[in-house]
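Notes follow the structure.
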Amino acid sequence: MPLTLTSLPYEAEVGDQAAARSRLGVRDEKHSTLALERHVYRPRRPPVLSGSFVVTRCSEALPAAGNDEKIAALFPHMHRKPLVRIGFHSGPQPVPVGRPLRVGVLFSGGPASGGHNVLTGLYEYLATRNVSSSLLGFLGGPSGLLDDKHIEIDEMLLFKHRNQGGFHLLGSGRTKIETAEQLEVAFRNCEKLELDGLVIVGGDDSNTNACLLGEYIAEHRGRTCVVGVPKTIDGDLRNEYIEASFGFDTACKTYAELVSNLGFDASSAQKVYHICRLMGRSASHITLEVALQTHPNVAIISEEVAAKRQTLPMIVNIIADTVCERAQMGKNYGLVILPEGIVEFMPDIRALIAELNEVLSAPNTSNVGAAATGNGMAAAAAEAAAAADTKSEATIVKEIAAMLSDKSATLLLSLPVPFAAQLCLDRDPHGNVQVSKIESERLIAELVDRELQRRKHERTYCGTFSTVTHFFGYEGRCGLPSNFDCNYCYTLGLVAGGLIEHGYTGYMARATGLCRAPELWEVGGVPLTSMMNIERRKGKDVPVIEKSTVNLGGAVFQSYKSVRHAWRLSDDYRVVGPMQFYGPHADEITRTIETTE
């Protein structure tokens, strides 16, 4: 089906809701006024992407981020490629029509606001270059490619999702394309569909798999160029080449509004502490950004916890000390925020989890005897866990604690029983503790309360302590994308199309200078292997794109560090308000992106 561009050049003006309704074919109650406004918002982009351009190399061949020789052996066709830059033609303009392309696209991993604008930019690029091009969307993420479940994306379908949150046009999934069988199936489907390009929108793992697929296709002399687009709300796909992943800006602004509201609720009612857990298992970028936006009394940063080897009791005391000092000022209320992955950064909890994983790794209930081949303790632990229906949680915890080292046993028994039982009983199919399910905000709230009761008994604290706990996670993944994410994703889609047309496989689309206006961004591509290292996972060395964690010496953290002591005792909560789409503050960006390191 030929591509059309009757509505995609954004000819409608902002506020032209009647035109939007006409194109959408909907009645007034189908879309909110704001949703209709966003349909006709025109994303901004660098001028170089408005017409035909050249793609030139702008660096020497780049080595891997680490273990260069191993990465080279794994990716002989993808490795040691240069950075490339998209620029204006310096000579006579070529014929502005390109060859017709067939391109596939899929979303991988959790959703992030702005994904539909990647599709919009990609579609517009293909349609502008040659209306005989085709854009296929794979349904349900990577599994859609493996099962060959796809739709052809047309103008009307795309218009309904333009500048809207979510990934619901195509859906997403967490299937990984990494085994030899999966790579072969994906390759065959790309060949069958005669794809010139495949765009994989995802995070570090998804783009690692994109590189694996690109290598496999190149090795088998396939025609498909594989290009990645950086997506993750956690902000941990960030390095010297990629300044930001899309979705982070919108997520932080969404969470900041919620946390800001709680700060003023605390200072208004003056009777509770709000303790909030935010997204970010591997890195604390969201917590740090939200702290800078909202000014909480305490913000725990996982990377600092790891660097200082702060244990769970130490974190509890940091918060309890703040509560006591505020109580002396007559303030029995406050605001605390922390990242969801905090417990995995505490050395004592990490050691406990490692021991539990070892003793609980035997086959459970139906096959306890199998553990006798080498691990009697594991068998005993499995028997204890299997008896969960007949024994109390406290009894099971005590039995398993007896199998641990003295230090880990003491820590396990010091935890509130429901949390200790969760560590012992709630395991994944491999027998490992499911850390992501731990409600760390509730755990810390209970332990702080226990510590304050101890201090009250010793007459070193005489205040009151009441908590309300919150987890802000999914709320930040699918909201209407901010202007920044609309512009950024639209630009990345255009860039991905350009990389495919010019044959740059194994690259990630990128834009730099994001702290400036979109018209001033520089765009191009970076080799996926240049961001890779080798990690040990499940007993094997595997290639991975390294996650970016908070730089404790960087400007963003140092900015927070310089003011956090003052925030502990003051009520300096900052009004954030709803995310703005129009007006003088609509194009504000996060402090994290503003202070590009």
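Glycine is no exception: its Cβ is also placed from the backbone N, Cα and C atoms.
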Open item on the list: According to TrEMBL, THR232, ILE233, ASP234, MET279, GLY280, ARG281, TYR474, GLU475, GLY476, ARG477 bind substrate; which one of GLU178, GLU181, GLU340, GLU535 is annotated to that same site?
Closed with: GLU340
Open item on the list: Using CB atoms and a 10 A radius, I'd like the single residue among the binding-site residues GLY110, GLY280 with the highest neighbour count.
Closed with: GLY280
TODO: Name the one residue among GLY110, ASP204, ASP205, LYS231 whose Cα is closest in three-dimensional space to that of GLU475 (substrate binding site); these are the recorded positions.
DONE: GLY110
- [ ] Would you mind listing, in sequence order, the residues at least six apart from ARG477 (substrate binding site) in the same chain with a Cβ closer than 8 Å to its Cβ?
- [x] GLY110, PRO111, ALA112, SER113, ILE233, GLY247, ALA251
Open item on the list: Can you tell me whether DSSP puts GLU475 (substrate binding site) in helix, strand or coil?
Closed with: helix
- [ ] Would you identify the secondary structure of ASP205 (site 'Important for catalytic activity and substrate specificity') according to DSSP, in three states?
- [x] helix
